[in-house]
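Participant: So Swiss-Prot says this about it:
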BINDING   Thr60, Ala61, Gly62, Gly63, Ala64, Gly65, Lys66, Thr67  ATP binding site
REGION    84-113  region 'Disordered'
COMPBIAS  102-112  compositional bias 'Basic and acidic residues'
Amino acid sequence: MKAPYFWSADLDPKSREAAPLTRLLLTPFAMLYLWALRRKLAKARPEAAPVPVVCIGNLTAGGAGKTPVTEAIRNRIRSAGLRAASLSRGHGGAEPGPLKVDPARHTSRDVGDEPLLLAGSGEAWIGRKRPEAARAMAADGAEIILMDDGHQNPSLKKDLTLIVIDAGAPFGNGHVLPKGPLREKVPEGLARADAVILMGAGPVPPEVTASSLPVLRARLAPLAAPPPGPLVAFAGIGRPQKFFDSLAQAGGNVSDAVPFGDHHPYTKGDVQFLRSLAHDHGARLITTTKDHVRLPLDAQSEILAWPVTAVFEDTAALDAVLAPIFKRAGKP
């Protein structure tokens with residue numbers, strides 16, 4: 001779904017745009033959601049995996065950059081000589097898992113967009129039952145499991161928890177779902193974490209400073225310059241505007257931009273609409289790599305994908321955070 005406009009932090013809470021009546025009506029649902037999450041976390045008995053588990057999660061609904069961060073950390077672990085694999089729930093996919101994702105056989109409708117994207121550059125698994133999936137991964141030879149987006153899932157014991165926060169839009173309006181974008185109260189989420197990865201430019205949020213957690217700075221960097229000529233950009237991610245702005249700032253000639261809801265399953269009708277829009281502008285279509293894998297197969301060859309990667313400012317600091325995991329996995 002598209003993030004409601006009133007989730008934004010840049011609004012006067014009493015203004016019409018901030019939808020004070022809507023927020024008031026959603027307050028009981030936010031309280032119920034928070035009560036259910038706290039109860040689930042309190043009653044949980046996490047199962048230990050046969051190998052170390054690194055959780056890469058966040059505190060908001062989408063848009064923080066977990067997937068490229070997961071890919072970058074997986075690459076860092078692999079460069080140390082260890083076999084690392086990502087584990088996702090497989091949101092939006094029909095397969096329950098445990099399943100090793102194969103880009104040659106699976107589509108986003110099978111396994112979800114993020115696992116399919118991660119499988120394009122390394123080993124990726126899905127599993128709705130995380131402990132069962134972790135056992136299957138270890139039996140297959142994985143030495144370290146990167147649990148993509150599992151901070152609010154207590155079923156699997158984590159050896160290290162990293163929270164990804166978008167420095168440009170850390171916590172939205174500060175309210176919990178559905179009143180705001182937060183999956184839980186910020187201090188409670190940070191209390192279960194070991195470090196914070198702050199994505200992009202912006203100050204360290206006061207809540208993070210108060211937590212005394214180590215902060216790793218990272219940013220998204222394009223792997224290639226935007227293609228020349230006019231472009232019609234579209235995206236169905238947590239913060240589509242972030243993609244549009246990045247594309248323009250990198251020199252892309254963005255004639256028009258179309259936001260879709262997060263994890264939007266593109267249809268032939270969507271593609272036809274986008275083709276028509278591009279034709280009107282005399283432009284080519286371009287989207288994120290995550291959106292590209294959700295396109296109908298017959299449309300993927302004609303639509304451009306603009307790849308980005310997560311770059312850590314201080315890789316030595318990242319290695320220091322990962323050191324206990326390396327040690328447990330048998331790599332001094």
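Glycine too: its Cβ is placed from the backbone N, Cα and C atoms.
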Participant: Per DSSP, what is the residue count of the region 'Disordered' (84-113) in each of helix, strand and coil?
Facilitator: 5 helix, 7 strand, 18 coil
Participant: Counting other Cβ atoms within 10 Å of each Cβ, which of the binding-site residues Gly62, Gly65 scores lowest?
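Facilitator: Ranked by other Cβ atoms within 10 Å, the binding-site residues Gly62, Gly65 bottom out at Gly62.
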Participant: Give the three-state DSSP assignment (helix, strand or coil) for Gly65 (ATP binding site).
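Facilitator: Once the DSSP labels are grouped into three classes, Gly65 (ATP binding site) ends up as coil.
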Participant: On a count of neighbouring CB atoms within 10 A, which of the binding-site residues Ala61, Ala64 is highest?
Facilitator: Ala64
Participant: Tell me the Cβ neighbour count for Thr60 (ATP binding site), meaning other Cβ atoms within 10 Å of its Cβ, over all protein chains shown.
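Facilitator: Around Thr60 (ATP binding site), other Cβ atoms within 10 Å: 25.
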